Amino acid sequence: MAAQDEREPLITPALPANRSGYGTVEDARDAMSKFVVNNVAGESGRKLPQYIAGLAASGGALAAGTFLGWTAPTDKPLTVEGEYGFPVSDEQFSWVGSISNLGAALMCFPIGYMMKLIGRKWSMLAMVLPLVLGWLLIIFAENVAMLMVGRFFLGVGGGAFCVAAPTYTAEIAQPSIRGTLGTFFQLMVTVGILFVYAVGAGVDVQVLSIICGVIPLVFGAIFFFMPESPYYFVEKGRYSEAASSLKWLRGAQYDENAEIEDLKQADEKVKAEAIPMLVAFRQKATVRALAISLGLMFFQQLSGINAVIFYNSAIFASANGGKEMSSASIIVGGIQVVATLLASVVVDKVGRRILLLVSDLMMAVSTILLAVYFQLKQDDPAKVDDLSWLAVLAVCLFIAMFSIGYGPVPWLMVGELFANNVKAFASPVAGVFNWLLAFLVTKVFTNLKDAMGEAGVFWLFSGISLLGTVFVFLVVPETKGKSLNNIQRLLAGEKLNADEPAGLPEPRDERDERPAQVA
């Protein structure tokens, strides 16, 4: 789901009069000072406008979170209580819950071309249409088909946001706050899920859907006033508009000339290093990066995360003798928000591998606890009369461990493992694979539960998580603190000296287009 925009040729303009040539050492030193302050330290200019634009863009993540979490509070009202006036079977609801993932997968490649053609801003604003259309179909649904089509459109809009918003945020932010702004999207996804859990506990399905449908409209009204990414304008050779965008983002007093030159150099570098897809996939580093990325996506989704997110109300009800435990879903949503915040703080301190290892191992422990609980319940329901808390605790632990490791880190590593000249077509492959796996797990969860029993399903998920832990230990390299060049050398099989400096990231590497996690 990473952006796959190809870079346009640049027409390099003449330098401004005061930078056309340097007659003295003082002039050169002054110019270099401006470049360092503006583009390396990232300390020049105002930060507040960047936070505002980043938060505005992340409004799309809130909209995405609402459609991801919608199935949890609506499962029983639609399938058991018949709230919409027409029957919805468990099998039909599994399609309603999962088909949005197909819509999201469908957008992984097209949204990159949209961002290249009309820009990041207008691509995101255009996604308001499928989101609103999707919610309208759900609000006024008269049959299961309308629910399914509505969910598909929600996936189209939400999946596109998972590409476009992180790209936009990375491109508008100065290096000193790019990491912080980069956490906004995933944080707002979890806030959206929590919002649906909380609101869904107190209103019916139609009212919940109306409230969710208002969110993309509010996003569009706010984001309309935000600037376009300056990088997009540089791609198109529209340098005066890039300057205006930077003035908006950094303040009227900001000297934007040096940063525009930096963006031009980054764009020229990407174009100069572009290679055909077939050539890229004959490179050892690219093949290994793709294998690692797809492996991480496989174990992320086959851990059962989307089944837990979409069906946690049913899990809690089953664990509590059929009684609803809506407050437990709200607690789960809150834990997800807190754990995502924690992940954003520790990921650059403790490293990627350790987070993945701890996350996957503890997810396996969580699903083992669920499997044991449901196995005891299946053998003799009386044995678990006083153990309903165990299933809730296990789900909460699962969500927390997923959110600090296997949720965000695979997407982070997709941005780090691929060289800049292959990201355009390699990263979307990982995105499509992830969404298709999310569809598969969400769709077949009910069928697996019927065929294997609840205990059997969670034994399966725990086994897959244990295999994922082994995969990380044996295959996944640590990328923390390594430059893009050193990561490519490592993937190609070269040995890096222990005392070898990490090196500075390349210009475009700092603007990696990393999509948000699914669920």
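In case you wondered, yes, glycine gets a Cβ from its N, Cα and C as well.
Long-range contacts of the transmembrane segment (51-72) within the same chain, counting only residues at least 6 positions beyond its ends with a Cβ under 8 Å from a Cβ of the stretch, are 93, 96-97, 100, 124, 127, 131, 134, 151, 154-155, 157-159, 161-162, 164-165, 168-169, 172-173, 177, 181, 184-197, 200, 208-209, 212, 215-216, 218-219, 222-223, 226-227, 249, 309-313, 329, 333, 516, 518-519. The annotation transmembrane segment is assigned in TrEMBL to 51-72 (among others).
Here TrEMBL flags 53-480 as domain 'Major facilitator superfamily (MFS) profile'.
Per TrEMBL, the feature transmembrane segment maps to 92-115 (among others).
Feature annotation from TrEMBL assigns transmembrane segment to 122-141 (among others). Within the chain, the transmembrane segment (122-141) has long-range Cβ neighbours (under 8 A, six or more residues past its boundaries) at 57, 60, 63, 67, 84, 111, 114-115, 147, 149-154, 156-158, 160-161, 164-165, 168, 206, 209-210, 212-213, 216-217, 219-220, 223-224, 228.
Counting residues 6+ beyond its ends, the transmembrane segment (147-168) has Cβ neighbours under 8 Å at 1-3, 57-58, 60-61, 63-64, 67-68, 78, 88, 95-97, 99-108, 110-112, 114-115, 120-121, 123-124, 127-131, 133-138, 141, 182, 185, 216, 229, 431, 435, 513-516, 518 in the same chain. If you look up TrEMBL, you'll see 147-168 (among others) marked as transmembrane segment.
Long-range Cβ contacts of the transmembrane segment (180-199) within its own chain (Cβ-Cβ under 8 Å, at least 6 residues beyond either end) map to 50-51, 54-55, 57-59, 61-66, 68-70, 72-73, 162, 165-166, 169-170, 172-173, 208, 211-212, 215, 309, 326, 329-330, 332-334, 336-337, 340-341, 344, 403, 407-408, 514, 516-517. Residues annotated as transmembrane segment in TrEMBL: 180-199 (among others).
Taken from TrEMBL, the feature transmembrane segment applies to 205-226 (among others).
The transmembrane segment feature in TrEMBL is assigned to 290-316 (among others).
Per TrEMBL, transmembrane segment is recorded for 328-347 (among others).
The transmembrane segment annotation in TrEMBL covers 354-376 (among others).
TrEMBL lists 388-412 (among others) with the feature transmembrane segment.
Positions annotated as transmembrane segment by TrEMBL: 424-445 (among others).
Away from its own ends, the transmembrane segment (457-476) comes close to residues 291-292, 295-296, 298-299, 302-304, 307, 352-353, 356-357, 360-361, 363-365, 367-368, 370-371, 374, 406, 413, 445, 448-449 of its chain (Cβ-Cβ under 8 Å, at least six residues beyond either end). Annotation comment: TrEMBL describes 457-476 (among others) as transmembrane segment.
Annotated region 'Disordered' per TrEMBL: 498-519, in sequence order.
Residues annotated as compositional bias 'Basic and acidic residues' in TrEMBL: 506-519.
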Six or more residues beyond either end and a Cβ under 8 Å away: which residues meet both conditions relative to the transmembrane segment (328-347)? 69, 72-73, 179-180, 183, 186-187, 190-191, 193-198, 201, 312-313, 316, 355, 392, 395-396, 399-405, 407-409, 412
Report yes or no: does the transmembrane segment (424-445) come within contact of the transmembrane segment (92-115), defined as 3 or more CB pairs under 8 Å with a sequence separation of 6 or more? yes
